[in-house]
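Colleague: This is the structure I want to talk about, given as structure tokens.
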Amino acid sequence: MSRKSSDNDYSLRSMSNLMGERRKKVNDDGERSLIKAPSNASINSQAVAVPANEAASTGDLEREARKQFQQDVTPAFVYVLAAFSALGGFLFGYDTGVISGAMLLLKREMNLSALWQEVLISSTVAAAALSALAGGFLNGVFGRRVCILLASFIFTAGGIVLSAAPNKEVLLVGRLIVGLGLGIASMTVPVYIAEASPPHLRGQLVTVNTLFITGGQFTASIIDGAFSYLRHDGWRYMLGLSVVPAVLQFVGFLFLPESPRWLIQKGLTQKARRVLSQIRGNQNIDEEYDSIKNSIEEEEKDCGGAGPVIWRMLTYPPTRRALLVGCGLQMFQQLSGINTVMYYGATILQMSGVRDVKLAIWLAGVTAFTNFLFTLLGVWLVERVGRRKLTLGSIIGTCLSLSLLAIGFLLSAHNTPLLSPSTPLTPPWSTPPATDTCCVSRVSSTEKAAWGRCSNSTQLRVHTYWAYNYCPTSYSWVVLLGLVLYLAFFAPGMGPMPWTINSEIYPLWARSTGNACSAGVNWTFNFLVSITFLHVAQYLTYYGAFFLYSILALLGFFFIYGCLPETKGRRLEEIESLFDNQLCSCGATDSDEDRQVEYIRVKGSNYHLSDNDASDVE
Ligand SMILES: O[C@H]1[C@H](O)[C@@H](O)[C@H](O)[C@@H](O)[C@H]1O
């Protein structure tokens, strides 16, 4: 009986549903309980104890289970629920993406200094970091649904303030409000979706949330492009339009249920059963309900120490390890430099030959679209290849393409064409390059081209760097290739997996706090990387900066290789056990991934029939 693991999950799951039905029937008849499906074991390694007189019927059972599985369709309700939740992801992407285009109009209309521009952009990210941390407490006390309602309310309020802002101070208030919503939404939505999804769809549905993030970033770039033609007040529409998805989500969530897991944790068992039946359609919910309830009871026994949740997490080895993995993943996601590419993508693309300034806004859209497209690939891959392999493949590809990007910048900087002083500073160049290299003076302005051979003068070498946007280069295709490869590798794995994995690696009692901490780490490193990028590029040069991100991505690879276990197909209640061993032994689970395991009734006990242990079978 050798099957692919996913088939295995389905049939065992259906089989245990079926067993639940039988158990009920038998109990109703007053007979002894024939079949017991343990609630806390791995699905892949689920022990099914079948009494001897029933062993022969296991084949029938399985056949029946398969038949039933074919009729078991995941109810559309789960998809509706995931889509409404993922609007939080859309707003995350929209609000972080829309500001770059809006800023081009704002700085002209409000006469914004560079400092104000930086403050308006980064205040949102900083506020998100703080509110993500606070979101852990809110989630635990008020539940996921209330937090999502709160986040969409905050997004709506922020959108209204931004679109009506009479001056830059009010704009700042609006950006801070939006940031508060972002932090709460970014940590709550993945948890809510993970808790409501059936295990075989969980990875895909949580990854859809990141698809909505990148979709939001892409939509933002289209809206930016469209309203950039409206020279007066165009930014009001750009910033204000976020109100539409926010209101949609708020109204939707008035009708959507609370997470059944949170309800059980709070002792609201009847309500939890109702919600579970609603989201599982025609399936039997007894097993899932029992499993959640048992694991909550066990958790209370195991780690019922006193003190705040974060303290209990840090002093209990499995949750401490999970927290380290979760925060590490989020940190390396940001250290791989995604937001330098997202925020400065247009500048990088300008180098590849398209020099029309008016196209700059639309070019950012190309980058955002590529990110979106390849996140779609991640949704498709996550349940096929699993989280671990997807993340590892993604980060190694990210590391290599960052190096290629750096090599592109290096080649451009070291093969500068010679330009005559009469060559216009603004491209396109009609006159053939003649005598000198063009550089940009950091002292006067990073935006203006200056003349002089960088290599000949210490003064110039210290204070100047290669002006990618101004100077012609025949190596821009290397940069373009590096950029496309970067997004193609990053978007399916390193983009969504940190969010997906964090939504599933913590036991229920630690889930909101764990996600709050890891989302806080994500926003903090997002803030640090994006605020330092231009300075790092100045001090280390562009190629130095991208080599640095490449090295950081390589460190991330080793971290993930050593520490990240596979969580695919497991019930949320089982995942904690993956962190029972030393952190760096997690990688060892890799080899077990495809092992087919069956439990059958042998000589009165549950024997483990594995590929290499087929003896002793009755
Ligand atoms: O997973 C998302 C996604 O990859 C976005 O494109 C990026 O802007 C975010 O910072 C990240 O958390």
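Backbone N, Cα and C define each Cβ position, glycine as well.
Whatever TrEMBL says is automated annotation, not expert-curated.
Here the structure is a predicted model, which means the values were calculated and not measured.
The annotation region 'Disordered' is assigned in TrEMBL to 1-39. The compositional bias 'Polar residues' annotation in TrEMBL covers 8-17. Annotation source TrEMBL lists transmembrane segment at 76-94, 114-134, 146-166, 172-193, 205-223, 235-256, 322-344, 359-382, 394-413, 475-495, 516-536, 542-564. The annotation domain 'Major facilitator superfamily (MFS) profile' is assigned in TrEMBL to 81-568.
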Colleague: Among 114-134, 235-256, 322-344, 475-495, which stretch has the highest count of C-beta pairs below 8 Å with the transmembrane segment (542-564)?
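Modeller: Checked against 114-134, 235-256, 322-344, 475-495; highest Cβ contact count belongs to 322-344.
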Colleague: Which range out of 76-94, 114-134, 146-166, 205-223, 475-495 gives the transmembrane segment (172-193) the most CB pairs under 8 Å?
Modeller: 114-134
Colleague: Other than its close neighbours in sequence, what residues sit by the transmembrane segment (114-134), given a CB gap under 8 Å and a spacing of at least six beyond its ends?
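Modeller: That would be 95-96, 99-100, 103, 106-107, 168, 171-172, 175-184, 186-187, 343, 516-517, 519-520, 522-524, 526-527, 530-531.
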